[in-house]
Amino acid sequence: MASISDSETTNHGSIWDLDQNLDQPMDEEASRLKNMYTEKKFSSILLLRLAFQSLGVVFGDLGTSPLYVFYNIFPHGVDDDEDVIGALSLIIYTLTLIPLMKYVFVVLRANDNGQGGTFALYSLLCRHAKVSTIPNQHKTDEELTTYSRQTYEENSLAAKIKRWLEGHVYKKNCLLILVLIGTCTAIGDGILTPAISVLSASGGIRVQNQKMSTDVVVVVAVIILIGLFSMQHYGTDKVGWLFAPIVLLWFILIGTIGALNIHKYNSSVLKAYNPVYIYRYFRRGKSESWTSLGGIMLSITGTEALYADLCHFPVLAIQIAFTLVVFPCLLLAYTGQAAYIISNKDHVVDAFYRSIPDTIYWPVFIIATLAAIVASQATISATYSIIKQALALGCFPRVSVVHTSKKFLGQIYIPDINWVLMILCIAVTAGFKNQSQIGNAYGTAVVIVMLVTTFLMVPIMLLVWKSHWILVVIFIVLSLMVELPYFTACINKVDQGGWVPLVVATTCFIIMYVWHFCTVKRYEFEMHSKVSMAWILGLGPSLGLVRVPGIGFVYTELASGVPHIFSHFITNLPAIHSVVVFVCVKYLPVYTVPTEERFIVKRIGPKNFHMFRCVARYGYKDIHKRDDDFEKMLLDRLLLFVRLESMMDDYSDSEDFTMMEEKTQGSSNALLLTGKAGSNTMCSTGDLSYSSQDSIVPAKSPIRGNSLTRYSSQTFGDELEFLNLEFLNRCKDAGVVHILGNTVVHARPDSGIIKKVAVNYVFAFLRKICRENSVIFNVPHESLLNVGQIYYI
């Protein structure tokens with residue numbers, strides 16, 4: 001392997017000017033009307049149907065909380081009825097302020113084209129302000145139909161906030177760290193939710209048989225968890241239709257049982273709806289009441305998952321489901337349990353199961369277990385989605401992402417993460433064996449994610465919504481007034497199980513931040529080390545090499561410039577393919593890039609060099625699937641570009657053109673071709689409309705993007721065009737080779753000890769255990785050529 005140092009970086013003077021003239025980044029495309037995402041209008045019947053379906057996806061975790069809340073509030077039993085009333089009052093108003101007021105009616109509106117979660121908020125901010133730490137975006141990316149953002153007046157508060165965020169690198173890093181903290185803690189939820197939900201549901205088998213050992217309950221829970229994680233690779237496509245009926249039946253059951261218990265045991269518990277009992281609760285219990293907030297916090301677990309699992313359900317459907325079904329049923333369930341506990345103070349440990357009438361006990365137990373499985377499945381799926389988003393934004397090591405459904409884009413499975421989650425989940429379940437300590441861990445994880453969301457909502461409200469600063473202050477003050485006391489109570493229980501999410505989150509944070517840091521530094525190094533076009537031109541059309549038949553795809557992270565891997569390759573192996581295509585696969589801060597807008601193709605240098613660049617753009621929900629035939633799509637776009645470029649020769653003297661596919665009115669497969677122009681003359685030829693100042697837009701493309709065909713000179717009437725296309729087809733028939741860089745990254749000798757450990761050991765270890773680029777890009781092994789290099793960052 002060759003070694004590269006930082007001294008080989010920039011070019012200056014005439015060479016730099018020549019390089020800029022011959023190898024500009026993608027030109028800005030002509031402005032056009034974009035199909036911006038807007039909330040779709042649904043009929044009333046369809047809206048109710050979607051609200052019903054959202055129950056099984058969004059609310060499972062929140063709905064299973066009554067299984068374990070009161071036990072975690074009063075782990076040592078209840079002495080006074082007033083304590084139960086005060087705790088119930090806190091539950092009622094916590095449910096009202098956080099899930100209902102904050103999330104359902106405010107935070108859900110901050111979705112990224114139907115996608116929720118911490119990274120969705122970060123993507124919104126990256127589009128509205130230049131806060132991304134990987135500088136691989138270009139203004140052409142802003143022309144995507146899914147790339148929506150606001151414009152600001154120069155002296156507006158939003159413009160000042162935008163400039164402040166963009167002002168210094170450390171502010172961008174602080175924002176990224178905040179996002180990673182929320183993401184890492186949310187991953188911890190993926191471990192704790194299945195553990196506490198399944199363990200609590202399984203505990204019902206012991207209520208009817210008090211002689212049964214606790215170990216039996218743990219074994220049953222572990223068996224269920226193993227089965228749950230082992231079935232993940234099948235996806236939920238075939239059984240997903242059962243989730244909504246199960247969860248709806250669960251909510252109806254707990255609501256009905258709660259109402260019966262209120263009537264049967266103690267209807268005076270309804271006075272808990274008077275918030276004065278919250279004050280009395282704290283005045284009487286003082287430090288013990290404050291400590292119990294960690295248990296009360298569990299009543300809103302699943303609220304953050306409610307936002308992360310948005311899954312393209314319209315916000316209105318989720319609002320309907322929560323306000324009409326979830327919220328009232330939860331209030332009845334908690335109120336009924338409180339009424340039962342007041343009359344049976346010794347049964348607080350198993351209050352939920354003991355309050356069930358004997359005639360329906362086992363059916364309710366079965367539904368409870370199924371509801372716990374559904375809640376766990378939703379959280380596991382949300383964890384996959386979070387990791388996929390982090391992977392797309394360069395914040396997670398490369399892992400294999402598998403589609404489990406041909407119908408639904410969002411249903412994915414990550415094998416490596418699945419088994420790690422299963423092992424950790426079983427370890428937590430078997431290690432703690434009781435709901436109390438797992439509950440302490442769970443509460444800590446949930447409140448941290450909520451605080452991160454609160455802080456991220458501030459720039460969202462200012463930049464995206466352009467809200468008045470007074471409304472922003474009201475939102476953050478009310479949110480922190482509720483969340484900070486819960487946070488302090490949960491942190492106080494670190495030694496009682498609360499350390500688990502902190503350890504998990506810290507480990508994930510180190511992995512994600514080190515990976516992102518080294519990814520950014522490697523990208524910056526490649527930018528500084530790219531080869532000048534003057535050097536390429538000096539080699540001549542043959543590049544000073546033997547041009548062998550075939551097409552070489554050179555993969556690079558650079559969207560402009562010739563990567564150093566190319567010069568390293570031809571220096572050590574003086575032969576290159578007849579056609580060279582530099583392929584840049586990059587992810588943008590959008591949820592998806594439409595297939596017809598995915599590729600940008602450009603020629604590099606004179607035509608007789610036969611060098612091209614292709615940028616393939618993806619959103620954080622898009623996936624490289626094996627059946628996509630990425631290689632074939634690249635070749636199709638390359639042939640189409642050459643044909644359209646030939647058509648432009650009659651109208652422009654320039655040899656530098658850019659082709660970008662886009663949606664246009666009346667044709668979903670229209671293609672946009674832009675180039676340098678010398679006049680403002682309007683011309684037309686056949687189906688082509690051309691303005692030399694703007695663009696060429698074929699309304700109906702004569703070439704289909706999904707087929708490679710032979711072209712005759714009679715078809716195009718242009719011999720040069722025919723020869724170019726025949727040349728490309730012959731090269732394609734000769735074979736395609738994928739050239740990937742296999743770089744080893746080391747810290748520079750003068751680096752500090754922390755950086756050396758992070759780069760030379762942590763990052764190196766992650767590179768060894770993660771998937772290779774060839775696997776991620778689905779490159780055939782027989783067509784793969786790795787080029788080794790060493791980077792010092």
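Glycine too: its Cβ is placed from the backbone N, Cα and C atoms.
Values in this document were obtained by computation on a predicted structure and should not be read as measured data.
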Swiss-Prot topology check: Leu47, Thr359 same side of membrane: no
Rounded Cα separation (Å) that holds between Asn434 (N-linked glycosylation site) and Asn266 (N-linked glycosylation site): 29
Candidate ranges 88-108, 176-196, 412-432, 445-465 - greatest C-beta contact count to the transmembrane segment (216-236) (under 8 angstroms): 412-432
Stretch with greatest number of CB pairs under 8 Å, the transmembrane segment (316-338) reference, 88-108, 412-432, 445-465, 469-489, 497-517 candidates: 88-108
Cβ contacts under 8 Å made by the topological domain 'Extracellular' (490-496) with residues that lie 6+ beyond its boundaries: 291, 293-294, 297, 436-437, 440, 443-444, 447, 502
Chain residues outside the transmembrane segment (88-108) and at least six past its termini with a C-beta under 8 angstroms from it: 62, 69, 116, 269, 272-275, 277-278, 281, 293, 296-297, 299-300, 303-304, 306-307, 310, 315, 318-319, 322-323, 327, 330-331, 334-335, 338, 450, 453, 457, 475, 478-479, 482-483
Long-range environment of the topological domain 'Extracellular' (197-215) - Cβ separation under 8 angstroms, sequence gap at least 6: 61, 64, 67-68, 221, 224-225, 228, 350, 353-354, 361, 365, 368-369, 371-373, 375-376, 429, 433-435, 438
Which same-chain residues, if any, lie at least 6 apart from Asn266 (N-linked glycosylation site) yet have Cβ under 8 Å of it: Ala339, Ile342, Ser343
Asn266 (N-linked glycosylation site) in three-state DSSP notation: coil
Structural state of Asn434 (N-linked glycosylation site), classified by DSSP into three states: coil
Range from 55-75, 360-380, 445-465, 469-489, 497-517 with the greatest count of C-beta pairs under 8 A to the transmembrane segment (239-259): 55-75
